[in-house]
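Participant: Structure provided below as structure tokens; questions to follow.
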Amino acid sequence: MNPQAKLISILSLLLGTTITISSNHWAMAWTGLEINTLAILPLISKPHHPRAIEAATKYFLVQAAASTLLLFSCTTNALFTGQWDITQLTHPISCLLLTTAISTKLGLVPFHFWFPEVLQGSSLTTGLLLATAMKFPPITLFLLTSNSLNYTLLTTMAIASAALGGWAGLNQTQTRKILAFSSISHLGWMIIIIIYNHKLTLITFYLYCMMTAAIFLTLKTTKTLKLSSMMTAWTKIPSLNAILMLALLSLAGLPPLTGFLPKWLIIQELTKQGMTSTATIIALLSLLGLFFYLRLAYCATITLPPNSANYMKQWQTNKSVNTLTTTFITLTITLLPLSPMIFTIF
């Protein structure tokens, strides 16, 4: 891809995100989301492969439909109440339409169908953007309008996302699809607490982005796209592959790793709000995700490929791990002891 075109796309992504998260008017928020959608499309389709073109087409159609619903929602609210302010969304039909539109943009169940396919058709770098940065503007809109939304509906969608994200990832063999269902599952954890504690939702999102970035960058370094290639990737950079196992277990939420922190805080907050049954259900559903994270970790570090006559061993490379990957992996593994400092900051 032309470096100038790539620079324009990245700057447009930054511009669209900034416009959306800093706007008070629905028209400006919608404009920022549209700039984001148009900026990411060249990055998805840049490999000029039929699968990439298919992913870009699916992404465009779904995001266009969601943006139409969002515009219809804010127009309906303005028609009945005369308000274009984002925080003044009060009409019930507008709230329902907005929930549908933002859930589609995020990939929440039952509007998740596009996300695994688009992520599978994208490169690992573009997939990282889709799984992290592209979710920030819609989550910001959810945060700004959360007091007006139907909490029963949000809770139902959150539990369904946690369940389907864990269940559908069990039989996947492609690492990008596994990470897509992981993203859906983590979105369920963010949405279930969004009305009670905005800061906790943001902490969960930031930590999820950090852990996902560590895994995507590691997979890019070892050029691992499926489980079968992950079994032989340990011969390339053994130390990085061993640390990948810890990063995967952190994403699963096992103590004493960083990923345990947001789940612990969310369960604690739900219990304080008297929602013990909801906290129990979503905690049990996280065990489904733990299974396929353990399978990834098992394939990455423990499983040896069959030693057949035509099997060629991949020799270690001289390729060094960049500083960004090292930083993300370190934070993914060791941030839990720093949680008192995080509480003080937020």
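Placement of Cβ uses the backbone N, Cα and C atoms for every residue, glycine included.
Summarising the annotation, TrEMBL assigns domain 'NADH:quinone oxidoreductase/Mrp antiporter transmembrane' to 23-288. The domain 'NADH dehydrogenase subunit 2 C-terminal' feature in TrEMBL is assigned to 290-343. Residues or ranges marked as signal peptide in TrEMBL: 1-20. What TrEMBL records for 60-81, 93-115, 151-171, 178-196, 202-219, 240-261, 281-300, 321-343 is transmembrane segment.
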Participant: Report, as numbers and ranges, which residues of the same chain sit near the transmembrane segment (240-261): CB under 8 Å and 6 or more residues beyond its ends.
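Facilitator: The answer is 182, 203, 207, 210-212, 214-215, 218-219, 221-222, 233-234, 286, 289-290, 293-294, 296-297, 300-301, 321, 325, 329, 331-337, 339, 342.
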Participant: What stretch in 93-115, 202-219, 281-300 has the biggest tally of Cβ pairs under 8 Å against the transmembrane segment (321-343)?
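Facilitator: Result: 202-219.
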Participant: With the transmembrane segment (93-115) as the reference, find which of 60-81, 151-171, 178-196, 281-300 contributes the most Cβ pairs under 8 Å.
Facilitator: 60-81
Participant: Take the C-beta pairs under 8 A between the transmembrane segment (151-171) and each of 60-81, 178-196, 281-300. Which stretch has the highest count?
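Facilitator: Highest pair count goes to 178-196.
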Participant: Which value does the mean pLDDT take for the domain 'NADH dehydrogenase subunit 2 C-terminal' (290-343) in this predicted structure?
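Facilitator: Mean pLDDT, the domain 'NADH dehydrogenase subunit 2 C-terminal' (290-343): 71.
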